[in-house]
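A.B. asks: Pulled these features from TrEMBL for this protein:
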type	residues	note
ACT_SITE	Asp61	active site, for OMPdecase activity
ACT_SITE	Lys63	active site, proton donor
ACT_SITE	Lys63	active site, for OMPdecase activity
ACT_SITE	Asp66	active site, for OMPdecase activity
BINDING	Asp11, Lys34, 61-70, Thr118, Arg180, Gln189, 209-210	substrate binding site
DOMAIN	5-225	domain 'Orotidine 5'-phosphate decarboxylase'
Amino acid sequence: MNRPPVIIALDFPDAASCEALLAQWNEQAKPWIKVGYQLFYAVGPAWVAQKKEEGYSIFLDLKLHDIPNTVAQGVKSLERLGVDILTLHASGGSKMLEAALEARTSERLKLIAVTQLTSTDQQMLNHELGIKSSVEDSVLQLASIARSSKIDGVVCSGQEVTRIKNEIEPPFLTVVPGIRPKGHDTHDQKRIVTPTDAIHNGADYLVVGRPISKARSPRQVYEQIVQEVQEVKESQI
Ligand SMILES: O=C(O)c1cc(=O)[nH]c(=O)n1[C@@H]1O[C@H](COP(=O)(O)O)[C@@H](O)[C@H]1O
């Protein structure tokens, strides 16, 4: 069976907390996991490489953003860990994105560009960041920079996926955080969608953190999300 496209964000301060959660997936089929910088800075690269060996698919979310040469060297170091997806910021611009792509030695590592964070809303974009477009247009602009730099896809909210799928030439992956099943707390997220809506709009991967990690039964919430995803996919056949 294909691995469900639901990526569990391991936003934890240490390895022990991750192991406690992952103990609920004790069968051979391992889920997708996301390692962000809270965990990466705490556990280091060896832990990530170890998880890959144990059979997890790994989304390394380090959101690289620097001058082109520095990002390229970072990609070279991180590719050696064997991770499946690595993030960088689309707002670093085409030269940075192209340098990252050139540094990668194999297409097995997908490079995914973060557009506008799902914690950004219209008010913040216009009045704080000084970007005068709609959030959706800004996401599309960043996605189009990523596409023309031949990056594999973007992180965006589920609200922009339909336009990306319609306007950006495939193949182009959409990885969607800000996922909230009905009735769950939104926390600091602004542009949220349900698992059903994200998949219906065409999302390739869902990133889910607190709805799973803070749940009383994390595995149960994960399975409910996987079920929602499968139902939408079956209805699309
Ligand atoms: O790059 C990401 O994964 C990311 C981009 C974005 O725009 N919004 C976003 O929430 N994320 C990540 O997705 C996860 C969402 O976590 P929850 O809000 O707890 O589901 C966090 O680990 C964030 O770092």
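For all residues, glycine too, the Cβ spot is worked out from N, Cα and C.
Note that TrEMBL annotation is computational and uncurated.
Could you place these features in context, so I can see how deep they sit and what lies close by?
C.D. replies: In the three-state DSSP reading, Asp61 (active site, for OMPdecase activity) counts as strand.
For Lys63 (active site, proton donor), the same-chain residues lying six or more positions away in sequence with a CB closer than 8 A to its CB are Tyr37, Thr87, Leu88, His89, Val114.
With a 10 A radius on its CB, Asp66 (active site, for OMPdecase activity) counts 15 other CB atoms from all the protein chains.
DSSP assigns Asp66 (active site, for OMPdecase activity) to coil, not to a helix or a strand.
As a whole-number mean, the pLDDT of the domain 'Orotidine 5'-phosphate decarboxylase' (5-225) in this prediction is 98.
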A.B. asks: Of Asp61, Pro68, Thr118, Gly209, which recorded positions come close to ligand 1, meaning Cβ under 6 Å from one of its atoms?
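C.D. replies: Cβ < 6 Å from ligand 1, in sequence order: Asp61, Thr118, Gly209.
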